[in-house]
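Shown next, in structure tokens, is the structure this report addresses.
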Amino acid sequence: MTDRRYSGSCGSSSSSSSSSNYSGFGHGYSGNNGYRCGIKTQLHAPSSGRCNNHHNNNNNYNNNNSICKTGVARPTTAAMHVKKRWKTAAVMLLAVATVSTVTAAFYFNYAATACCAVAPQSSASLLREPSNTAVADGGPNRSKSVGSSAPRSTSKLYAVCEIRDRLRSPADRDRFSRYRRQTVDSTSSTVNKIQENKHNNNGESDTARDGDKGNDTTLIYFITPTYPRREQIAELTRLGQTLMHVSRLYWIVADDRPDCSLQIMNLLPDFSIPYTYIASPMPAIYKRDPDAMPRGVSNRRAALNWIRLNHNINDSNAVIYFGDDDNTFHLDLFKEIRTTKKISMFPVGLVGEYGVSSPIIDKGKVVGFFDSWPAKRKFPVDMAGFAINVQLLFKYPYATMPYKAGFEEDRFLSALAIRLDEIEPKAENCTKILVWHTQTAKKPKPIVMVKSKASLPGSLATLLDQVTMLGIGGVSETTGRLK
């Protein structure tokens, strides 16, 4: 069969209409120029968007140049450009999202260096006492930063209000030591009798309980998140009285507020405990749902950042523990967690519907967890039920707590790549409760209506001023309970 493209000229060689029909290709030829229209058209058809199997007959083309005889439409040049632009835009959006994620992770973990970076210190230097010549202020005025205090500075993440890594003064140190000696003297005879009875009855001394007594070289970072409320000062006072009896402890108090509390700054030096006081408010975006607020997350994140910036990375002789201001702690707990090599766990009382949250131990190893709210968590534990060695923070520098209520512990431990066989059970293989998740009943702040403070008898006016300053009550001339 002969191909029509080579069988003759395009239509009538003298027809002007034939020439005009092919002039649209822009090649400036007609049917009488000696070219075969099929060959010429086929060579240039791909650049014009036409089909490749053209014929000499003009009826082979539709009025729409982008549709061939079979009726199948080919994409136009404009459509191809639009598709290419969409692909480019999608790639750019993906790149921007990746950069934003990395930047956000860096910001929330390391952006605080601008406000709070100081020279890293070892656990020993954090607790050294000042020389007599270094103490210039031993007076009672504690409204200012005293001792070894860093200048207050602000940050979008948190602000360090006050740092005290030494006892306030020799007089304060002597007063605290005298108080400790009196306490020991008043109870020493009773303790000796109890230990003697145990030795006689059980045939063994109390060495198991006091086994860590001589191994108190490990520093404990005790992180306490707190927030403004009328019970705040009372809670911190009770907790501080407990921590006074723990050796080599550094207290980090992280307050959920944008500014520094003068009341807390006046209170903390009374305990003669080395401490850092931080103002670390919760971001406003997480306060929209009161029923699902991640309480204490911003405080713990700020404290972890402070440790990363201030602790000597080569010093592994330190342990981190999270203790809320309303929890109750047995002093034996601190002996237990001080020997943590990587991560230790233990029971917490008064938690959930079961009354306790604890790992389950079999043959000295953790095989599961007992908790009333598992919620598909890998580590269903309470915040007060574990302690970690400080080196984990430096090994996993991006590990922190998420702003997700109920999953703070699980996500934090998962970020540290903890395995079940690495958990060190404490409290006699998790059979004793040494910490309780107690909670103080919350009541609204009362307001006392006083027409004139000048008319109040004796010390009442001064007392009411103290009540107002501590935030446990208020005074008003127009509203409240009438005095």
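Including glycine, each Cβ sits where the backbone N, Cα and C put it.
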Open item on the list: Looking at 26-46, 131-151, I want to know which stretch TrEMBL calls region 'Disordered'.
Closed with: 131-151
TODO: Quick one: give me the count of other CB atoms within 10 A of the CB of ASN429 (N-linked glycosylation site).
DONE: 15
Task: For GLU409 (active site, proton donor/acceptor), nearby residues of its own chain (Cβ under 8 Å, 6 or more apart in sequence) - done: ARG377, PHE379, VAL381, ASP382, MET383, GLY385, PHE386
Open item on the list: If I take the alpha carbons of ASN429 (N-linked glycosylation site) and ASP326 (Mn(2+) binding site), what is the distance between them in whole Å?
Closed with: 25
TODO: Using all protein chains in view, find how many other C-beta atoms are within 10 Å of the C-beta of ASP326 (Mn(2+) binding site).
DONE: 19
